[in-house]
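What follows is a single structure, written as structure tokens, with notes after it.
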Amino acid sequence: MACRGCLECLLKLLNFLLAVAGLGMIGYGIYLFVEYKRVTDNSVTFDLTNGDQSYVSFGRPILMAVSLSSNIFDNLPKAWFIYLFIGIGVALFVISCCGCVGTCSRSVCCLSCYSLLLILLILVELGFAAFIFFDNSWRDELPSDRTGNFDTIYNFLRENWKIVRWVALGAVVFEALLFLLALMVRAANTPAEYDSDDEYLAPRQQIRQPFINRQAAPVTGVPVAPTLDQRPSRSDPWSARMREKYGLDTSEFTYNPSESHRFQQMPAQPNEEKGRCTIM
């Protein structure tokens, strides 16, 4: 019990940190969106010359413009990066809420959904990392940016690659730890099936019934002393277990000191008086 409580407290703490991270991403994404709208209203639009497309340059590197070229990203909004950033924050917050609800209510279903969402998030992150690592032309797959802001961000990540690498690895390890804790808490809250007479007698439906249902018949006449069938049944856990599992009435096979009067000893025959003649 103490170990389960410790695991639940640790899982709640880590989920709280995950929720704070998600809310932070949502708040910062909203701030970026407000800045984007403000800069868009005050931006300078270049005129089209020789069939070239127009671009908008922003003061912040993350608020970069997306060229309106004829590729698969034509249908993306200009602020797709902000929407993606907010979406990741919402996903983290929803996952953390699912984990908190499952931990507080000790719901096996919520903990299972939480574990599934975590493993999906880890797989997506690993797939994205593998795509960047193995595909050397991954930069060509991104929407083109002629403002130079993407190169600025890329150079910043490359210069601080050691820090960025450990931060990314720490995030994956953190999520893997959450996944393992969720599995442990789920296993601790799973109801056990007891099938031994020495273990806790869990309340469950009585599946096995006695082979013979004894029904007391009305008796008329002079009342007599209680017989075996009229004895009250015992209500201790072992007797209840025997009646449930085997359909046995333990009052017939066990000794109860309170009913010791049932077994009346036969009166001892009087010893023969000594001094009398005995005929052989």
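In case you wondered, yes, glycine gets a Cβ from its N, Cα and C as well.
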Membrane_side_equal(C104, D236) from Swiss-Prot: yes
From S144, S233, the one Swiss-Prot labels phosphoserine: S233
Residue carrying phosphoserine as stated in Swiss-Prot, selected out of S107, S137, S196, S251: S196
Closest-packing stretch to the transmembrane segment (114-134), where packing means Cβ pairs under 8 Å, from 14-34, 79-99, 163-183: 163-183
Chain residues in Cβ proximity to the transmembrane segment (163-183) (below 8 Å; excluding those fewer than six residues from its ends, i.e. six or more beyond): 7, 10-11, 14-15, 18, 99, 102, 111, 114-115, 118-119, 121-122, 125-126, 129, 157
Contacting positions for the transmembrane segment (14-34) when only residues 6+ beyond its ends and CB under 8 Å are counted: 60, 62-63, 79, 82-83, 85-86, 88-97, 99-100, 103, 174, 177-178, 181
Secondary structure content of the topological domain 'Cytoplasmic' (1-13), with strand meaning DSSP E or B: 12 helix, 0 strand, 1 coil
Tally of DSSP helical, extended and coil residues in the topological domain 'Cytoplasmic' (100-113): 12 helix, 0 strand, 2 coil
